[in-house]
Amino acid sequence: MAASTSLHALSSIKLWSTGSFGLEKRTCHVNCVSVGRRCTNARNLGIVCASNSQSSVVEPVQLPGSPKSSTTPKKSSESALILIRHGESLWNEKNLFTGCVDVPLTPKGVEEAIEAGKRICNIPVDVIYTSSLIRAQMTAMLAMMQHRRKKVPIIVHNESERAHKWSQIYSEETKKQSIPVITAWQLNERMYGELQGLNKQETADRFGKEQVHEWRRSYDIPPPDGESLEMCAERAVAYFKDHIIPQLVAGKHVMIAAHGNSLRSIIMHLDKLTSQEVISLELSTGIPMLYIFKEGKFIRRGSPAGPSEAGVYAYTKNLAQYRQKLDGMIQ
Ligand SMILES: O=C(O)[C@@H](CO)OP(=O)(O)O
């Protein structure tokens with residue numbers, strides 16, 4: 001189906017379409033990354049980095065005015081990568097296709113973000129990436145309010161020379177107690193084209209569940225005038241490789257707050273999912289997922305359960321040590 005096909009034209013094509021919806025049965029929708037039979041298996045992920053990181057290493061992101069630090073990868077280091085889909089938005093609540101429409105969180109979404117923050121409050125975060133959409137930014141900020149390290153997340157404004165200059169910080173100590181938040185449109189939700197603002201149920205009633213599921217979850221079939229997951233991946237995964245992997249290689253701990261589909265495309269890349277497997281990948285709102293980046297590989301560690309449970313902290317010595325350090329600082 002051509003991306004430019006209009007909904008009007010589609011309605012006449014799809015009115016007769018009533019196929020079964022077998023894929024729905026296989027969908028595994030849980031509070032973590034879940035892909036069919038792989039739901040519970042953390043596994044080593046052969047990576048990306050070997051072919052990309054060396055050619056695309058960029059400077060670790062710094063707050064305005066920070067002295068430049070070394071970009072040399074710390075060979076023995078491991079880095080945490082937290083992925084979090086934004087909390088429930090006002091259009092999630094209304095069951096509307098949202099895409100790149102910039103809608104805020106609901107009170108429930110705010111709660112989800114706070115809860116997510118509690119789940120990651122012992123995991124180190126050096127730099128945060130969010131989309132340019134407010135629901136992802138709200139989620140990142142609210143989650144960080146819960147972090148035990150109590151650093152202040154600060155949005156980096158580099159959109160113009162003046163914005164950069166006017167947001168300078170003139171205290172090294174204050175900078176040390178801050179976390180840069182980089183906003184990137186490349187991490188935005190997939191652009192949903194002519195579906196944006198339509199009710200999901202009404203659209204399924206009109207065009208058929210099968211067609212709507214294809215638009216929502218297939219890899220390479222775009223919704224009318226919108227982006228397919230493949231098109232979304234072209235910008236989101238490219239950004240991840242060019243900007244985020246170099247941070248991890250440099251030993252920085254990264255959090256990404258983004259969207260159902262921009263994160264699906266990144267997870268597809270990290271977990272090496274096929275275009276068939278990604279169909280059943282569903283992400284819940286406000287659930288953080290942890291990967292460990294070590295020796296050029298991403299190791300999926302699932303979703304941190306809660307600050308008081310051993311859970312993910314038992315997985316790596318570094319995370320356990322960081323937590324102990326926080327315990328020491330806070331006592
Ligand atoms: O409406 C959207 O932008 C997305 C995420 O809420 O919907 P879907 O579940 O179809 O990916």
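Quick reminder: no glycine exception, Cβ is built from N, Cα and C everywhere.
Note that TrEMBL annotation is computational and uncurated.
Feature annotation from TrEMBL assigns region 'Disordered' to 58-77.
The substrate binding site annotation in TrEMBL covers 85-92, 98-99, R135, 189-192, K200, 216-217, 260-261. Shown in sequence order, G99, G226, E227, S228, L229, M231, C232, H259, N261, S262, S265 are the residues of the chain, 6+ apart in sequence, with a C-beta less than 8 angstroms from the C-beta of R190 (substrate binding site). When secondary structure is read from DSSP and collapsed to three states, R190 (substrate binding site) falls in the coil class.
What TrEMBL lists as active site, tele-phosphohistidine intermediate is H86. In the three-state DSSP scheme, H86 (active site, tele-phosphohistidine intermediate) is classed as coil.
Marked as active site, proton donor/acceptor by TrEMBL: E189.
H259 (site 'Transition state stabilizer') has a Cβ environment of 28 other Cβ atoms inside 10 Å. Positions annotated as site 'Transition state stabilizer' by TrEMBL: H259.
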Among the recorded positions R85, H86, K200, name every one whose Cβ is found under 6 angstroms from ligand 1, counting any of its atoms.
none
Roughly how many angstrom lie between the C-alpha atoms of H86 (active site, tele-phosphohistidine intermediate) and K200 (substrate binding site)?
19
Spatial neighbours, same chain, of E88 (substrate binding site) - Cβ under 8 Å, 6+ residues apart:
L105, T106, K108, G109, E112, T285, G286
Can you tell me how far the Cα of G260 (substrate binding site) sits from the Cα of E189 (active site, proton donor/acceptor), in Å?
7
Relative to the Cα of E189 (active site, proton donor/acceptor), which of the binding-site residues R85, W91, K200 has the closest Cα?
R85
